[in-house]
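Participant: The structure under discussion is supplied below as structure tokens; questions concerning it will follow.
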Amino acid sequence: MWLQPSLSLSPTPTVGRSLCLTLGFLSLVLRASTQAPAPTVNTHFGKLRGARVPLPSEILGPVDQYLGVPYAAPPIGEKRFLPPEPPPSWSGIRNATHFPPVCPQNIHTAVPEVMLPVWFTANLDIVATYIQEPNEDCLYLNVYVPTEDGSGAKKQGEDLADNDGDEDEDIRDSGAKPVMVYIHGGSYMEGTGNMIDGSVLASYGNVIVITLNYRVGVLGFLSTGDQAAKGNYGLLDQIQALRWVSENIAFFGGDPRRITVFGSGIGASCVSLLTLSHHSEGLFQRAIIQSGSALSSWAVNYQPVKYTSLLADKVGCNVLDTVDMVDCLRQKSAKELVEQDIQPARYHVAFGPVIDGDVIPDDPEILMEQGEFLNYDIMLGVNQGEGLKFVEGVVDPEDGVSGTDFDYSVSNFVDNLYGYPEGKDTLRETIKFMYTDWADRDNPETRRKTLVALFTDHQWVEPSVVTADLHARYGSPTYFYAFYHHCQSLMKPAWSDAAHGDEVPYVFGVPMVGPTDLFPCNFSKNDVMLSAVVMTYWTNFAKTGDPNKPVPQDTKFIHTKANRFEEVAWSKYNPRDQLYLHIGLKPRVRDHYRATKVAFWKHLVPHLYNLHDMFHYTSTTTKVPPPDTTHSSHITRRPNGKTWSTKRPAISPAYSNENAPGSWNGDQDAGPLLVENPRDYSTELSVTIAVGASLLFLNVLAFAALYYRKDKRRQEPLRQPSPQRGTGAPELGTAPEEELAALQLGPTHHECEAGPPHDTLRLTALPDYTLTLRRSPDDIPLMTPNTITMIPNSLVGLQTLHPYNTFAAGFNSTGLPHSHSTTRV
């Protein structure tokens, strides 16, 4: 700020007026001479003009912003529902000083609050200002380039200042800067990179930060399950953006060999999926996965055809031929498509990434087990109270949860996620048992805490820990954190812990510049200090793959108190020790984050869920149709009179009985929902005893046959068989063993002989049902490398129409990693 000089003499009016004009003119000249010219940069597609923006903090240097840079051609008209193409070139200098339009979306209908960050759902009116003018021409990115080395570029002398002549150690990057590409979150239905300002992170961490838009919802993830509309356009947009970055970031001073992709929530799920796709190979080297995973129940849509049909019904395009259906959908306006309210099963998504055999070749857990992501350095973690939004609606005025509401919440969770009408009782009671604090079971506040922990563990912690285990199993660099801090604001209850999305403002340095419209927090010095710590960890990881170096934790320039993180060394994660960093005001390295609950969800629950099937397996392979959980949502009444919008799965026709006594009618007054008639297990017990006795009898017979055969062999040397018998001896010699094998395997073979090989019941070991539990109750594995054809009848024989060929020549459909796998050797 320029200050006017003071004069000791009192000039005459004329002289004073002339002096003021002269000083004003000189001030304008000085401002113009000191103001940096607008930065320009060349790219492979043309020149860009950005803007140099100062930041409201003395420790942050200015940042060059290039906003609205096209990374792909507009996906409009016939290009709707197709992979992106490179952007066209332009002549002259393109102005890149304004945010681009956002992709079409609708936040005015019911949004899935449980999947969205708190700062998003609490500020929907503010969010609406960012998406006022959506446009299908939305594939743009924003680039934030630091112009000076941030405060983290030097290791300060003992006084931590530069004004006394102490010599500071220069630890800045001597060459090109690391690049951090942020994938915004949401629920695959909403969001934009324009909401996140990367300036502070870029300036403080001395890295280039990029945010981007990608197609969301119907336009980004609609799939017909075949070549007509294969889906995953939103993921392909992200891949195209990474391709643009790797080819052009050097013009901005960035290092294409040090690109880190990071995201939170659904953005983290996208990052996790990108590490598993061979299309991403070579486009980035590191990934930061914040509060999300490809293993979460909502990361992948296992029923794309179902929701596409629902959409086609609503807009009058439901025809049998999928090519005609997609052509019809292309004729509809984007507004008409995104305004259709199609609600998925709870804990799942209607439009999201699909297993197409190419972009996502197989189930994410299978790909992780095959090592498809081992070539990437990965840092991941969760927040302490991610499940806040699942519980907030059932908390009473005294900040507690009643026993009835607790029971209802668990039952609703089991009904919606597991869905089958039989075999749920044991599972439901076991979950309630595991999440009851038996030392304080009647305390409503304790019930609230354990209920939040239930949803946090199932939807975030277990998928993240399993992802970390699979990645670190072969020594790939892995770092795990648990975030335990949040800012003070009115966006959520006072009793809440660090909820979903609460780490985002600290990652982007919001506390350093003060509250914003999306983060209206009362930031303290502790918040500023913790934000500096987080940005140092994140940018260190982007620079070296190690969050501990090259820049040490040093924040005395912010806070007079000692930074406890200076004494903490963030250890690598491994499946045995499972070390993780507790990020909070009292940091420490701990081990085995919520290990008991993770083991419960990973190992015990899948078997409890299928106990009924194991003991009641019929002799036919015909499966009872699962319940449909995607009918229009309705308001369910709870015993205390509160309402909870949900979608209870309908009972399967094989089990439903409309006139059965005790059947629930939505028009009746709500009574105790969880009171059930005592169940008589005598029949099941009798059948079990009978089967056990039969197996015992068969084993006795088998043992007798074996003993008889052994005794017969002992006496054989004393006998000389006749030539006729001698010729048949080999057959007789093997018959008892074959009979024994038949007796031992008889029950299994008999139970499954009518079914195909893949449906054979194996009683020797419990099958792994964890993949099933991520799918909605009525999911059927639709697309895997071994089963998918992705070619409708009307398209058989057509040649490849696009460079993103889902089934190129030599497509590997085996269970082994692809020939182009990113598996680390």
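Glycine residues also receive a Cβ, built from the backbone N, Cα and C atoms like all the rest.
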Participant: Look through TYR66, TYR474, TYR573, TYR769 and state which residue has the annotation phosphotyrosine in Swiss-Prot.
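Facilitator: Among TYR66, TYR474, TYR573, TYR769, the one Swiss-Prot marks as phosphotyrosine is TYR769.
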Participant: Would you mind telling me which one of ASN95, ASN812 Swiss-Prot calls N-linked glycosylation site?
Facilitator: ASN95
Participant: Here are the glycosylation sites: ASN95, ASN522. Which has the lowest count of other Cβ atoms within 10 Å?
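Facilitator: Comparing Cβ neighbours within 10 Å for the glycosylation sites ASN95, ASN522, ASN522 has the fewest.
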Participant: Quick check: of the recorded positions listed here (ASN95, CYS138, CYS317, ASN522), which one has the Cα closest to that of CYS487 (disulfide bond)?
Facilitator: ASN522
Participant: Please report the three-state DSSP label of CYS317 (disulfide bond).
Facilitator: coil
Participant: Give me the Cα-Cα distance between CYS317 (disulfide bond) and CYS103 (disulfide bond), rounded to a whole Å.
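Facilitator: Cα to Cα, CYS317 (disulfide bond) and CYS103 (disulfide bond) are separated by 23 Å.
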Participant: Looking at the recorded positions ASN95, CYS103, CYS138, CYS328, which has the shortest Cα distance to CYS521 (disulfide bond)?
Facilitator: CYS103
Participant: Would you say which of the disulfide-bonded residues CYS328, CYS487, CYS521 has the most Cβ atoms within 10 Å of its own Cβ?
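Facilitator: Output for this query is CYS487.
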Participant: Looking only at the topological domain 'Cytoplasmic' (708-825), what is the mean pLDDT?
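Facilitator: Within the topological domain 'Cytoplasmic' (708-825), the model's average pLDDT equals 43.
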Participant: Measuring Cα to Cα, how many angstrom lie between ASN522 (N-linked glycosylation site) and CYS103 (disulfide bond)?
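Facilitator: Rounded to a whole number, the Cα-Cα distance is 32 Å.
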Participant: CYS103, CYS138, CYS317: which of these disulfide-bonded residues has the sparsest Cβ neighbourhood within 10 Å?
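Facilitator: It is CYS317 that, of the disulfide-bonded residues CYS103, CYS138, CYS317, has the fewest other Cβ atoms within 10 Å.
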Participant: Given CYS138 (disulfide bond) and CYS328 (disulfide bond), what distance in Å do their CA atoms have, once rounded to a whole number?
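Facilitator: It is 22 Å, counting Cα to Cα.
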